[in-house]
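Per Swiss-Prot, the features are:
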CARBOHYD  Asn35  N-linked glycosylation site
CARBOHYD  Asn232  N-linked glycosylation site
CARBOHYD  Asn317  N-linked glycosylation site
CARBOHYD  Asn374  N-linked glycosylation site
CARBOHYD  Asn448  N-linked glycosylation site
REGION    380-453  region 'Disordered'
SIGNAL    1-21  signal peptide
TRANSMEM  466-486  transmembrane segment
Amino acid sequence: MTSNSCLISLGLLLVLIQILAPAKAAEHSVFTHKNASSVLGQLVTSSTLVWESYDPKDATQLQFAVEGGKYVTEDEHYPMYVCRVPIDGIQVSGHTEKILQRHVCLAAHYKHGKYDNFDVLMNKGHLGKVGWRHWRKFDAGVPVGAIRIGDDSYIGRHRAPSQPNKDGVVTHWGADFNLGHLEPVGLGKIRVIEAEREKYYDDGEVLVETEPFRYELRDIKLDRLRTDIQENMTELVTRKLENLEDKYSTVETILSYTFNYNQYWGSHEGVARGLPTKIFEKDEAVPAEINWALKHTEKRSENKAVHTKLWPGTAINVTLRGNYVTLEAPYSGKLFAFYYGSDESVSRKISAEVRKSYLKEVKLEFSPVYWIENGTLVPTTTTTTTTSTSTTTHATTTSTNEPTPINEPPLVHMKDNGVQHSGPDTLEKTLHDSPSSNELNSHEAPENMSSDPGKDVALAGFGVNAAGSTFIAGSALLTLLLTIFLSL
């Protein structure tokens, strides 16, 4: 009976796991045209766009989809999104259309079918500008940044024709644009489905993506509750100070060493990997320059001048040890994207993790004084007693070879020589200013997103899955159920 109860409980647990586990839509790469000077062109994988399989259960999925136009009816106006479906083994572009509470893809194909299973073009990072660019057959080839669809064509559209009604007023019901594709054969043409028939046009619009050429990261704040700092004392350099003269004198040397300064600022969905990025940290006059999502290492060097006074024929060993620190922490910040041909930037709040390794401080250590000749330690002054036949006690001083025994260890001095790079990192300083939690609303739109409804360009934003809260609640419930099951 007990075994049956366990089996039933296990079955229920597996069913709940299937129900509560968030399903992630499949994603596929997007290719764009990047070389307008060649006939064939060069295809490059987009760092900000993806094709994502449509999930009718995800009510928030389409908030980051690329718009292809508007659908107008007497009852409602709603955006159409760029989609694709495989027909006879070839990907065909189209636009979405609402049927009740779900969407279908209306393919730009002579079969003119409506498909339930399709991919939607998603601007996941929205730090790449996506917009429709006017095209005509006398233009020089395929526009740079055009988004490829199928074997050798690019996503295009043409405005749907409007007809005056009986009162002479021009109105339009349905899709304001017919989506299709640009065929670059010869001078090129845009093919769409219009009135359920294929039509070709010498002009229209082509969907293009403009990626940023650099980033800037500002307003950085660490989450101090989750900051981890590890320290490790490392030997940097060891040197011998020796007096080869015949008198008590000062000896000095320069100690040189190198160390690595590493920094990695994490990655983020939709942000181009490897793009030049300037990091503006608090109290840093000059921003650090890295490549986004790549580890950046600098080889740094420092010099320390060390001196002391020694007796003839003696020496000491001096060692510099460094406190090497590794800091890891979640952080929030504002990422700015910059584009060629535009003075405006697009900014977005992001959250990621930073990891830094740096030399925080340098300490001096030195050995006891020893003889250069045989390496034995030079003794210090001591007092002993000897007893004579008259039992008189005399204080005497014992000594070894010259020089006279030293009374105390020498003072060793160290000072900086040249530019110094070690010291507490600026991120450590921000820990005193950071709140205990820096969570941001990932759904916020970019602060400088265009509010002009007539400007058909998709800008800034980071794709998120609103099912995250459901997943957290589901995880808690699964933990509870698992605990109950194990107790049976």
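From the backbone N, Cα and C atoms, a Cβ is placed for every residue, glycine too.
Cβ-based crowding with a 10 Å cutoff singles out Asn317 as the top-ranked of the glycosylation sites Asn232, Asn317, Asn374. DSSP classifies Asn317 (N-linked glycosylation site) as strand under the three-state reduction. According to DSSP, Asn232 (N-linked glycosylation site) sits within a strand segment. Each residue contributes its Cα atom, and for Asn232 (N-linked glycosylation site) and Asn374 (N-linked glycosylation site) those atoms are 35 Å apart.
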